[in-house]
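Per TrEMBL, the features are as follows:
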ACT_SITE  His132  active site, pros-phosphohistidine intermediate
BINDING   Lys25, Phe71, Arg99, Thr105, Arg119, Asn129  ATP binding site
DOMAIN    17-155  domain 'Nucleoside diphosphate kinase-like'
Amino acid sequence: MPDGEKPVIPPAPAIHIERTLALFKPDAVHKSDEIEEIILQHGFTILQKRRVHMTPEQTSDFYAEHYGKMFFPSLVAYMSSGPILALVLARQSAIAFWRQLIGPTNTQKARDQAPESLRAIYGTDSTKNALHGSDSYSSAEREIHFFFPDSVVEPISTGQAAKDYLTSTVTPTLLKGLTELCKMKPADPIIWLADWLVVNNPNKPRVQEEGYTVEEPDD
């Protein structure tokens, strides 16, 4: 390398933080504090959490892909038998890592092949297997919206990708808002700008999809 020239350092690769849905099934809700601690120890962040009690109809909607299978009636009956806990988890490769952490669907198989997995520890059988995890990005998107209709499921960018996003999306929107702020001269500029950004969010859905309703438990 010629004297005086600085080495060219390539930019760090962008890291995408995924979101996935975790469900604590009725047989595992009483262990929620313990399981949440394990989740945090494995590098996940809990973004949202909601305790719900689904009706059989809502449970059928959630598990619609399994309709017609032999286990479907027992699955619906079990998942609507008591409160469950829905969580949105985030970390790098969250979908794959959460699936690995909970282990195989069948509890006995989990105990044989992945004895330290959560289903091996907290599950009973293939239905009462304590936990659920989205199996793909599209499933995570649908399932998160089922319980949290206002959530944005797109991966969170960091590094250069985050800078590019700020330059292309955030900065122009913010500048437009500040320009409008100068024109309007509201009494409370901070509140006005916050409201303006919510209304003019470029990522806000243009069409409101029909949402699912999940009943909150009475207890």
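Using N, Cα and C of the backbone, Cβ positions are placed for all residues, glycine too.
Arg119 (ATP binding site) sits 9 Å from His132 (active site, pros-phosphohistidine intermediate), taking the CA atoms of both as reference points.
The most crowded of the recorded positions listed here (Arg99, Arg119, His132) is Arg119, judged by how many other CB atoms sit within 10 Å of its own CB. On the 0 to 100 pLDDT scale, the model's mean across the domain 'Nucleoside diphosphate kinase-like' (17-155) is 92. Taking each Cβ in turn and tallying the other Cβ atoms within 10 Å, the top scorer among the binding-site residues Thr105, Asn129 is Asn129. Residues near Lys25 (ATP binding site) in space but far in sequence (CB under 8 A, at least 6 apart, same chain), listed by position: Tyr78, Met79, Ile84, Lys128, Asn129, Ala130, Leu131, His132.
Broken down by DSSP into helix, strand and coil, the domain 'Nucleoside diphosphate kinase-like' (17-155) contains 63 helix, 28 strand, 48 coil. Taking Cβ-Cβ distances under 8 Å and a sequence gap of 6 or more within the same chain, the neighbours of Phe71 (ATP binding site) are Ser126, Thr127. Pairwise Cα distances among Lys25, Phe71, Arg99, Thr105, Arg119, Asn129, which the record gives as the binders of ATP, peak at 21 Å.
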